[in-house]
Amino acid sequence: MVLSKNRLVVSCPTEEQILIKELVALSTTEQIRKIRALPVSFEEKKHVRLVEKIFLKICHWSVFPLYLNFIQKCNRDVYLCVLLCCLLLLQLIRRFGYSIKSISQSLQLWRGIMKEIGGKFGSSVLNYFVLLKWLLLFNIFSFLVNFGFITIPLLVSDLSPNVSPNVSFRGLELLTGAGYFNYTVMYYGSYSNETFRGLVDYDMQLAYFFTISVYMVLCGLVLIFSMASSFKKNYALADSASNSAWQLLCSWDFSITNEKAVNQRKNNLRIQLKESLSEKAHRERQTTSEQLKQYGIYFGFWLLSTGLAVGCGASIFYLCQYENEVRKSTHCCRNPEAETLLVPFVVSLMNMVIPLFFSLFNKFEHYSSQRRQIYALLFRNVLLRLSILGVLCYYWMNTVPQKFTCWEPVVGQALYRLVIVDFIFLMLGSLFGEFLSNVIGTKIQPRLGVPEFDVARNVLEIIYAQTLAWIGIYFSPLLPVIQILKFFILFYLKKVSLIHNCQPPRRSGRAAQMKTIFIFLLFIPFFVGALSIVAYTAWSLTPSEHCGPFRGLNNTFSVTGEWIDDVNKLSSTQWVVWIYQNVIKSEIFYFLITLIILVIIYIFWQLIQGRKELIVLLRKQIVNVGSNCPPE
Amino acid sequence: MGNKQTIFTAQQLDAYQMICNPTLKVNVLDHPRLFYRYRDLAPQLVPLDYTNHPDVKLPYELIGSMPELKDNPFRQRIAEVFSEDGEGNMTLDDFLDMFSVLSEMAPRDLKAYYAFKIYDFNDDDFICKSDLEKTLNKLTRNELTEDEVKMVCEKVIDEADLDNDGRLSLEDFQHMINRAPDFLSTFHIRI
């Protein structure tokens, strides 16, 4: 594939083309004067075509009066008039299209900051910020959809919630989410279950149900598509990173523009190459006893980590129970609302402290490759967070509906508190964690050096934060607002902390694979978990009887049943009813679909095996061809 | 409105698209921005009005002093590969070519082709051991010993040379690039 520069060769020009070429070289006033002075023998239509060509090629506003001139003259020829008007319109659109596009490109959120971070720290750190921006867009979309379809109809109608007179806004609501906020549109409890009669009959129940479910389904589809495309690009044929050829020829990041960063990268590359050379020189087989010892260490630490994670989950469970009993007992606390902050505080504290232990374990374990080390650490952190979240969700699904009459807002408030306290801890962690490490690393204990930006830990933190928002959307439709503010502030905070306190990661590479892993993590445990919680709530739990849009129903999903009954009454929409009864409600359909998908997966798997064999054969062929042809 | 000069005609814009590889969907809107960057390097040499196809070449020293390139260890090779005269002195077309290939949207094959040319210091259409040694020295500030340099280069040729001729051809290089998904994002200069 050889490229050569193709210069445009203009074939024998016509009279018009010569004229155009002359005109292009002139200034605009000269152009107009010359066109006006064209000989009378030029037919009017040819004249028009000439003007049109010049206009299209030059895109000048000043030729615009000529157009108008011609439009005025051509009242005898309607067709010509229409043609000119259409061309004019197209020109206007094209012009505006360009300016809108260039404005939108320059307005692209945080483009300059991303460029700066990519230039100084490389693509693996940039992945964190790209993911943060992507999740922010999810939340903005969620807010727009929820606000537009659920909140605005409620506010516009007469049924907007009114605050009872003895409750006023105190500052504590910002932290606890209860009190004054309980009576606003923030939570599920304030939404009504009526149908608004107005220009259109707007059924609040259906609106609430469908908005939330459509949003979750759309999120799922977006995640699936981006995960699949990421897998295809970055995972299918990837090579091992300890490969010298890769390190030398493919790993240099051309986008780094900072002299210090470039020098650091060069140092790192030199160290990595030396390491890989010494590995090759001194690689000896480990003896059996050493191997056993190594496996024993792995097993011990894995047991310890799993025990820690399970222990944290159990302690959160008992803490929730304790808080419940304290609330029920008569001689309660001084400030019952501040007590509700205890559980979120403990959860966030665990999420901050326990991963430090996991990093400590990692130092003793000596994994053979850096990739396995990162995966082990990630897996343990994910296990910890999932166990805590799982316990909390179990408590919310099982205990809370029995203890409260209006239980959905209670869950919403609990999630709100978790989100806020998590945010506070993220801020403190960034300020103190990275800032203190920098101070310790540079002034007190210079051997440690400037801290690296730990991409995996930070990404896991924002994935966890987003999961809380996803679980909370059903119980508190306006929670995305808090999430938007949180991510917005977090972006700037992390950027400042990064630039002042951290250095680029020492081991370069595998940024693309890590990105795939992050999207996979976002989807499989976290999003699917959140979706299952919401689905379980909608399917099995009884909505509270006195508040919320689904009051009085057996479960939320029966809203669709009622809707189908209504639709059934109209004969024109019978096909909807047919689809509902024979596709969505029937089990045979799902059984057949599953069977077909399994068969297709098996076929594709066999195809992949065949392709792998083909690759091996082709590689042998290349070697044969190379050895047959004499070198030049 | 008034007498705002156009910098490029639509014809010229189309020409640039053809020059910068027809399969590459170069963002035409980037041209004014890139043009202003080119002009900022030497405002007295580069005219504002390009409708007459002026023959302007900026010397390598100016190109190499751009903030995006000045710390890049391969800036000289990049300028040489993309310049018409092979010495690093770039016309506007060369400049646009360079940043098109190094942009996010360039296809993998195009980037692999140009990366190959950049690493091929002696321009013989093969990356041989001496090219690898020069690359290594540029990337490690000459701090590896000679033995280590030799060992690394031998290892690279061992791993990447498929047809066993002792040097890397374009196909070997492309095969390696295909298995490195990070390449598209690392062979990328943001402007």
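Residue positions begin at 1 at the first shown residue.
Cβ coordinates are placed from backbone N, Cα and C, and glycine is handled just like the others.
Feature annotations, reproduced from TrEMBL:
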TRANSMEM  A:134-155  transmembrane segment
TRANSMEM  A:167-185  transmembrane segment
TRANSMEM  A:206-228  transmembrane segment
TRANSMEM  A:295-320  transmembrane segment
TRANSMEM  A:341-361  transmembrane segment
TRANSMEM  A:373-397  transmembrane segment
DOMAIN    A:406-512  domain 'TMC'
TRANSMEM  A:418-440  transmembrane segment
TRANSMEM  A:468-493  transmembrane segment
TRANSMEM  A:514-539  transmembrane segment
TRANSMEM  A:588-608  transmembrane segment
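The transmembrane segment (A:514-539) makes contact with the transmembrane segment (A:373-397), as judged by at least three Cβ pairs under 8 Å among residues 6 or more apart in sequence. By number of Cβ pairs under 8 Å, the transmembrane segment (A:373-397) is matched best by A:295-320 from the list A:206-228, A:295-320, A:418-440, A:588-608. Here the transmembrane segment (A:206-228) has Cβ contacts under 8 Å with residues 138, 141-142, 145-146, 149-150, 153, 191, 470, 473-474, 477, 516, 519-520, 522-523, 527, 531, 534, 538, 549-550, 556, 559-560, 563 of the same chain, all six or more residues outside its ends. Touching of the transmembrane segment (A:134-155) and the transmembrane segment (A:468-493) is concluded from the presence of at least three CB pairs under 8 A, sequence neighbours closer than 6 excluded. Within its own chain, the transmembrane segment (A:418-440) is flanked in space by residues 174-175, 177, 341, 344-345, 347-349, 351-352, 392, 448, 450-451, 453, 461, 464-465, 468-469, 472, 479, 482-483, 486, 489-490, 493-494, 497-498, 500-502, which lie at least six positions past its ends and keep a Cβ under 8 Å from the stretch. Sequence-distant contacts of the transmembrane segment (A:295-320), counting only residues of its own chain at least 6 positions beyond either end whose CB sits under 8 Å from a CB of the stretch, comprise 342-343, 346-347, 350, 354, 357-358, 361, 364-366, 380, 383-384, 387-388, 390-392, 394-395, 399. Summarised by DSSP class, the composition of the domain 'TMC' (A:406-512) is 84 helix, 2 strand, 21 coil.
With a threshold of 8 Å between CB atoms, the same-chain residues lying at least 6 positions outside the transmembrane segment (A:588-608) that come near it are 582. Non-local neighbours of the transmembrane segment (A:341-361) in the same chain are 175-176, 301, 304-305, 308-309, 312, 315-316, 319-320, 323, 377, 380-381, 384-385, 388, 392, 414, 417-418, 420-422, 424-425, 429, 457, 461, 464; each lies 6+ residues outside the stretch with a CB under 8 Å from one of its CB atoms.
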